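The structure's right below; bear with me while I get my questions together.
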């Protein structure tokens with residue numbers, strides 16, 4: 001008798017799985033920092049607004065919606081950071097001699113080797129490869145050569161489009177879970193108990209897993225963005241980095257469970273403060289992965305402005321929390 005709410009929980013899992021996959025593609029084009037800030041901000045702007053009305057306005061609207069506005073500003077600042085950084089990278093690559101710029105378009109060469117003219121044999125991968133300094137043109141070329149998804153020459157709209165699509169998907173999974181546990185639309189028969197958080201989370205996770213398997217199988221044989229085709233045999237044989245993927249899945253599931261428990265207690269709109277995750281991802285992106293190294297002052301100003309606005313928005317969102325009556 002509770003199948004309508006089960007379907008809501010599974011719909012939430014569908015949107016989360018689709019958003020996660022879109023985000024992974026967006027990282028290649030936009031970078032970790034901007035992708036997380038923009039997707040999280042869109043999640044709050046749409047998802048938090050929906051949760052506010054679904055939760056019968058238990059959150060303080062005078063505090064909540066100014067916070068939502070701050071997230072919206074962070075979206076535009078994130079887009080500006082990406083555009084400015086892309087201009088900086090183009091300037092770095094343009095400064096290379098014509099020989100190297102020509103080599104970037106030659107798919108038969110290793111573009112990483114072309115970054116270093118002092119090698120005896122530019123065509124030989126067996127020669128010792130110097131590691132370029134983070135933020136330099138050579139570093140960008142080495143990174144492109146190692147990428148599965150090639151981004152040189154691609155439109156910036158591809159990355160931003162993937163990012164906004166991921167944010168839209170993320171904005172729907174929490175309201176769907178809210179409906180699954182509280183049945184605000186009265187889809188179940190009178191007297192049928194609501195799903196508890198843990199039961200709803202089970203159906204949510206099963207749906208997320210099944211959709212991820214289906215999508216990844218499809219993309220193995222019908223890849224996008226000019227990626228090479230693969231097979232089950234190749235997938236099962238390649239375990240390089242797989243342990244990190246498994247750890248990421250465990251952390252994502254654990255975080256989702258805590259978010260839903262908090263949402264049931266203090267309102268799902270306030271629980272969207274979990275979208276503070278870009279503050280951590282920016283630490284990884286900037287300090288460990290070298291994003292925005294040697295960029296222009298304009299890019300740094302926009303980056304700091306984006307993060308500052310995001311910090312304010314998260315604080316305001318947390319301050320809007322209320323208490324569920326039932």
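The backbone N, Cα and C atoms fix where each Cβ goes, and this holds for glycine too.
Caution: TrEMBL annotation is automatic and unverified by curators.
Dumping what TrEMBL says about this protein:
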- 63-83: transmembrane segment (TRANSMEM)
- 157-180: transmembrane segment (TRANSMEM)
- 200-224: transmembrane segment (TRANSMEM)
- 244-262: transmembrane segment (TRANSMEM)
- 268-288: transmembrane segment (TRANSMEM)
- 300-320: transmembrane segment (TRANSMEM)
Look at every Cβ pair spanning the transmembrane segment (157-180) and the transmembrane segment (268-288), keep those 6 or more apart in sequence, and say whether at least 3 of them are under 8 Å.
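In this chain the transmembrane segment (157-180) contacts the transmembrane segment (268-288) - 3 or more Cβ pairs sit under 8 Å.
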What else in the chain is close to the transmembrane segment (63-83), if you only count residues 6 or more beyond its ends and a Cβ gap under 8 Å?
30-31, 33-34, 37-38, 40-42, 44-45, 48-49, 52, 156, 159-160, 269-270, 275, 299, 302-303, 305-306, 309-310, 312-317, 319-320
